[in-house]
Amino acid sequence: MFSAQLIQRKVAKNENPRQQSTRSSKLQPPAKRVKQEKLQPVKDAVSENQSSSSAIKKRKARQDQVSQNIEVKTNKLDGVKKKAMNTENKNVKNPKAEQGSMVTKVKSNKINGVKKKAKNIEKNRTKKQTGARSKIAEQETQTGGNGSAAVGCATSKKAPFYRESVTGVYRSHNCKEAKVAPFYMNGNISETSLDGSDMELKETEDNEKDEGNSGIQDNEARGERKREMVGEPLSVASSTCKKVVYAAVLPGTTLYFQGMLHVKVLAGSVEILGYTMNEGESETVCSLPTMSLLGVKVVEGRKVDAKEPSLLSEGVPDTWLNDVATQEGNIGVLEFKKYHPREVKFMKTMGWGQLYACPERQDHWSNLEAMLVTPKNCHLHRIYEEGPEWRELADTFKVSCNSSKKRPVIVICGTKNVGKSMFLKFITNYILTGQREAGVTYMDCDPGQSEVSAPCTICSVRVTKPLLQPAHMNDPKSIGLDEKEILLGDTSPRFCLRRYGAAMETVFSDSRTWPSRCTVINTMGWVESAGYSCLVDILRTTQPTHVVYINSRKRRISISLDQKDIEKSREGIITKAGSRGFHYSLKIIESISQETGGKNILHPKVLRELHILYEISKFLMRKDDKSFIMQIPWKKIAIHICGEPVPKERLLQAINGQLVVLCHIMPHSFTTLSNDLPKLASISDTAWSFLAWGIIRGIDPITQELHVLTALDHKVAEKRVNAILLPKIHLPIAVYRYFCPTGTGPYMQESCGTMKLNVDRKIKLKHD
């Protein structure tokens, strides 16, 4: 009995007061119960009014605090804006600031930074304001609020609400509309306009819409400009064998194409990437998706005679020539032939057939495995576009080449993907026009994305042929007469800064003896921190006469390239601060490249793989030909592995089946390990002369010889090769599959039903 009463008391304590009242009311007489039920809503209303009055007081206190915070933020914002205006006025009043100098750019970047900071403060203020309001509203909805519902709001997970504010009434952002918002207050419906914070939010939304619309307009303008750039031939004909295409083009028209063609000018003159070809001249043009598609622009034309012997001797069809001769005005006549080197066949077997295939079949052009870009399909391709200041700069450089006693040195610098390589090709081709005998010294200081040399090298070439093909097809021996290549061993100088500086200095000093007209220097896209130090070393060592900095449209980096700052800078790695007595003109231009990873832009790692495949195709196309296999006694050479700690006893195991570089270094850096092992080449800052690429095909422990596949002449190898270096770049997996057509073989393993590469250079000693 006692336990039952105790349980009943505990249950009664845990019950709600309203439940206790309803339970006790059941025990009362019916008349009294009815009277109490009638009075119950009045009691509830009184209690709610008391609670609502206290909630309103707390809410007003919180709103006062929010308004004070807003005033503080607005004062802070006004101070930052005033500071930005003062800084801008000072910059305008300063007459010494040069418009084209990098100092002006740095100041403008600082002003933009202050303005950006002011914008961020304003955004944070609106965010805090809306966050505080939503927090108050959530607290009130949890405590019960005023129980009113909004009218005209969209349905959502959280009920939309309208609350009081110090400045008026604001709406929840769960509500979709409107300038005039209905709300409930004290049981009556009224209307009010949005307060300041909502107007600011609406302005920011409108600004974002305007920016989006401006971006769409820019794309439309770019597409319209591209359609205007792309031209079409007046008339096209094929030869009887369908291996030659003849085109009649009006002057001022540019024909963009994709493919590899041998272009010859039969009438008039044309320009391709800055290089001018006159009547009777011909060049090989390789326009592939790894770069912007090139165009043949007809500069001048002439009146064509239907019975002209020079045209008839080239095999031009008679009927087509008669139709062209009836056209009024001057016309340019071009001849296109298919160009298909044997290296391309090897590239197709390596899985790169899509790179050389035509995405669209067209009459006449499909027989040449080429495709003409038209105004209808130009939006699918990335085409070459000349910058507005390129030709003016090229004229300045060409005048200095002819007039100055000192050989001009032109340094092109800028961040990644701003068009440095294309601009350098344009400058080189423009200077080469009409004066190819002396040539132009092209110095490439970018080991990761080299234009005229192999990856992991610093190279200088005296170019005597125009650069009209992608980087992976450029061979120093085929495009120039003199060359100097120094092996760096890595695609980035991040961990070998001194060796990079020493290689750059050696290459430049050797190229100064060449009889070229000028020197153009390509630099890395890494211009921050240690990359800027490398750039300072390049400017101090080469002492340029002209420096061109290409500004990125999307990524602004503030660096100083003023001559006095370069001389006084302590950022150099192999050079020291001090006056050197050189003077250069600095020119800053804007980038015209899209700077986006479009469908035709490949990653630098893939471009390096293409370059390696094209290089080794010279001796892998005939893998069974013994003339490309060379036996090198390992006692006569030294081995070095870049970037990986390999035990001395496992050096031969680490290089077996790998891509290596045959090079020549100074013997004082050799270390003898044992009579039965090759020598070890220690890391130093001296130059490593690059000779050729090679593949270690096998190691014979009985004869102690290395079997190397290479295109290097055997006599040259016997005289000069004294070291083999394993760079930080791997042999593509397609090469191993090329040697294992059945899918099984050395260095291959089966994984999930497919054959994968099993090569590891990270070999460690096993401790017992």
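FYI, residue positions are counted from 1 along the chain as it appears here.
Backbone N, Cα and C atoms are what each Cβ position is placed from, and that goes for glycine too.
What TrEMBL records for 17-27 is compositional bias 'Polar residues'.
If one looks beyond the compositional bias 'Basic and acidic residues' (219-229) by at least 6 residues along the same chain, the residues whose Cβ comes under 8 Å of a Cβ in the stretch are 254, 256, 295, 375, 378-379, 383, 385. Annotation source TrEMBL lists compositional bias 'Basic and acidic residues' at 219-229.
As a summary of secondary structure, the domain 'NOL9 N-terminal' (246-307) carries 0 helix, 39 strand, 23 coil according to DSSP. Sequence annotations record features per position, and here TrEMBL assigns domain 'NOL9 N-terminal' to 246-307.
What TrEMBL lists as domain 'Clp1 P-loop' is 414-556. Helix, strand and coil residue tallies for the domain 'Clp1 P-loop' (414-556), in that order: 51 helix, 31 strand, 61 coil [DSSP].
The annotation region 'Disordered' is assigned in TrEMBL to 1-100 (among others).
Feature annotation from TrEMBL assigns region 'Disordered' to 123-150 (among others).
What TrEMBL records for 192-229 (among others) is region 'Disordered'.
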Segment-level pLDDT (mean, integer) for the domain 'NOL9 N-terminal' (246-307):
94
